[in-house]
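Before any comments, here is the structure.
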Amino acid sequence: MNVSSDVVFVKQNTSHDTESLGFALLTSLAIMVGCSWVFHRLQRRFPHLYDASEPRDAMKLPLVSSGIFGWLRASLGFRLNDAMPVGMDQIMLLEFTHFGMKAMFGIGLPATMILAPLHSTATHATDDLLGQISLGDGAEAWILWAHVAFVWYVVLLVLYLVWHVQRSQFRQRRSCWLQSLQEPMSTSLLVEGIPEVGRTEESLAHFFHEIFGKPVVKAASFVRDTSSLEPLLEERNALSEELAEKACAPEHAEHVQRVEETNDLDEPTIQAVEVEALEQRYNMAAREVEQLAEQIFSSPSYASDAAFVTFRDRRHAEFARRLKYSENPNVYAVSMAPAPWDVNFGSFSQETANLSKGKALLGRILVAAVFFGFLPVVIGISSMLSVDSLSQLLPGLKEWSMEYTYLTAAWEALWGTSLLSMLMDLVPWILQVVFRRFYRLRSGVKCQQKIQRWYFTFLVVFVLLVTAVGTSLFEAAARFAQAPLQVWRLLAIQLPHATNFYLRYAVLLWAAPFFDLLRGLPLLRFWRAVQAGEPVSTARQMAEPEDQAFHGSGARSARWSLHVVMGLTLCSLQPFVPVVLGFGFLCRRLVFGFLMVFVETKKSDSGGQLWRVQMQHTQLGLVIYIIVMTLILLERDESMVAAILAGSSGFFVALFWFWYPSLLELASLPVQQAEQATTLGRSCEEVEVEEVEVSTPYLQPELQQSLPVSLSMGSTVHWRDLDRALQRASEGALAASAARVSASAASLAPKLPSRSRRPLLSCLGLC
């Protein structure tokens, strides 16, 4: 079954592709220059949003000058190893841009200098420049032997680059990341599958004490069912907000100030009576919350089968993580704990566990619906935006398009590419919603890893393999089930006729990082917060982070991996593609080298998991390249010798991973390097058996907000919120009323429990 790529948004090569490429090049350059100028203006107008002072001071990075190219010099002025505090995942993303440039230029420059002239000599069927330098149907047979040698060159080069970057960069940085982990993450483990008889902090600590023969656990905290506490918390917080608003009303504040100055206990005002009644309701709600929180915290019946255990030192934590505690892998399953602020406590609830299988099945169905429903949506939109469809709405457009054929060709060439890019940008948001609602992901890092794998699969299918998919993924799946090799054969037939589409796509990718340079969504949040009267420091906190669906490490890793795979697959068919993609990686290194290191806040870190998957995707790109080139040579060489020689490079890829099976493994910290911590000047062996702390940084937020300070051990009264609000009032037009608001808040605060003072912030914002 022959499927023409003209049916979908991937346009076949035409005689106007050179003009279309020039138009795409001018469009990208205009966007790059325009965004750079707009960024310079925004940086001067909102310096706090693009401020680099904090990370620069911590890592001794170069200064960011105020010139229009100041960010560019800062991005080029540091080494990646100097910026490791930014995070392992972020630094390895920047390292992937280096890897991409080496691979694309290492492949593209020889292809441009050798294959392009050979294609021009062997091809005589087209007058278009891009058609002459690509591998077309009219190429002579002798050119196929040059492609056999080039396939082996690409395979050897990419495998060497993977081997070299793993040995010289990744392993060293992985070791540094492990050694630099701070407590509590470095000494904490997540233990799942705990039997019911051991679901108390003391029992869990005793379990590890018996294994090691001495006290090794510093603190333990079970994840508890707080579903009954959440409604009471919402009610208490609502009353707190209402109480703060009433208490900080001008009439009540003036009454309180007059009573304090004159000591006149006259008849209270209506506002004072309302405040007193509201305060009684709030105190009653706060007591109910506190009592229920204590019950949840102390009763084993609320504990789930998961707990966070913090050890006294790093060495025992490393030993504990590597031990096997049961023949059943799901009982006492131990893993490295994520950062406390990155834990998704909702995924541990009993309700989530009971519905996990059904919700996971529904989640997979929704992901499949996204896959199978994507092509019809794109085809429908693309058909409406074609010149023929628009001519029916605008009768004069048909005559104009026939007169200016070069503009018509440019539109037909660019709208499909742009439409593909824009619709692909929506996929990470859909995937994130599905994963968070229907999958039991323990942390934000796990969500990013899930997005990376599924988004990359989506990109490969609907960007690179779309010429074989055709107009329906259902039909493609049916064809693949009936004859798996037929789909790859169809790809080998169709892909050489759509290389110029991917060349324009690669050119337009230059402009994408410069849109990210503007930080549109954080800028909007920052501007709205400033307009609402927030101090610039608070507005900056409210603006961060950027959207973690599209701009997260998982989606970025998937997109950049696709660019490498696309360059590998098309390097022999259109020699200019890897060169253009190499410049695209240069643009990403310049832009994201500034954003990730100097501007964006620190994100949750997987310690190299995303990089490992990127290397696996690169290996997959090599496999796709070998299959496509083998089938192309098989179609055009009757003797099949060239196809066999090119396909044999796949065995070398398999042999390479057989020789180096541990090349992509994530190394653990050697026990010798896990130094034992000391407790008050004594080594851990000298520490006597002490009562295990039940409060850790992994205590659930609902319990942190509800438990008494004596139980939560470490909760602090957030008076800094009150101070920040008063500073905001004094800086704005309400400076005259700041003293009155302060007096009212000070008179009210001692009457409230320590945990209820924080809502005064909203009151001060309303005053």
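Start at 1 and count along the chain as shown; that gives each residue its number.
Even glycines carry a Cβ here, placed using N, Cα and C.
For 22-164, the entry in TrEMBL reads domain 'CSC1/OSCA1-like N-terminal transmembrane'.
TrEMBL lists 187-344 with the feature domain 'CSC1/OSCA1-like cytosolic'.
Taken as a whole, the domain 'CSC1/OSCA1-like 7TM region' (361-632) shows an average pLDDT of 81 in this prediction. The feature domain 'CSC1/OSCA1-like 7TM region' is assigned by TrEMBL to 361-632.
What TrEMBL lists as transmembrane segment is 20-39 (among others).
What TrEMBL lists as transmembrane segment is 103-122 (among others).
Residues or ranges marked as transmembrane segment by TrEMBL: 142-163 (among others).
Residues or ranges marked as transmembrane segment by TrEMBL: 365-387 (among others).
Annotation comment: TrEMBL describes 413-435 (among others) as transmembrane segment.
What TrEMBL lists as transmembrane segment is 456-481 (among others).
If you look up TrEMBL, you'll see 501-518 (among others) marked as transmembrane segment.
Residues or ranges marked as transmembrane segment in TrEMBL: 618-634 (among others).
Residues 144-145, 147-148, 151-152, 155-156, 159, 163, 619, 622-623, 626-627, 629-631, 633-634 of the same chain, all 6+ positions outside the transmembrane segment (641-660), place their C-beta atoms under 8 angstroms from a C-beta of that stretch. Look at TrEMBL and you will find 641-660 (among others) tagged as transmembrane segment.
Same-chain neighbours of the transmembrane segment (103-122): 132-136, 139-140, 142-143, 146-147, 150, 153-154, 157-158, 161, 564, 567-568, 571-572, 575-582, 585, 618, counting only residues six or more beyond its ends whose CB sits under 8 Å from a CB of the stretch. Counted with DSSP, the domain 'CSC1/OSCA1-like N-terminal transmembrane' (22-164) comes out as 107 helix, 0 strand, 36 coil.
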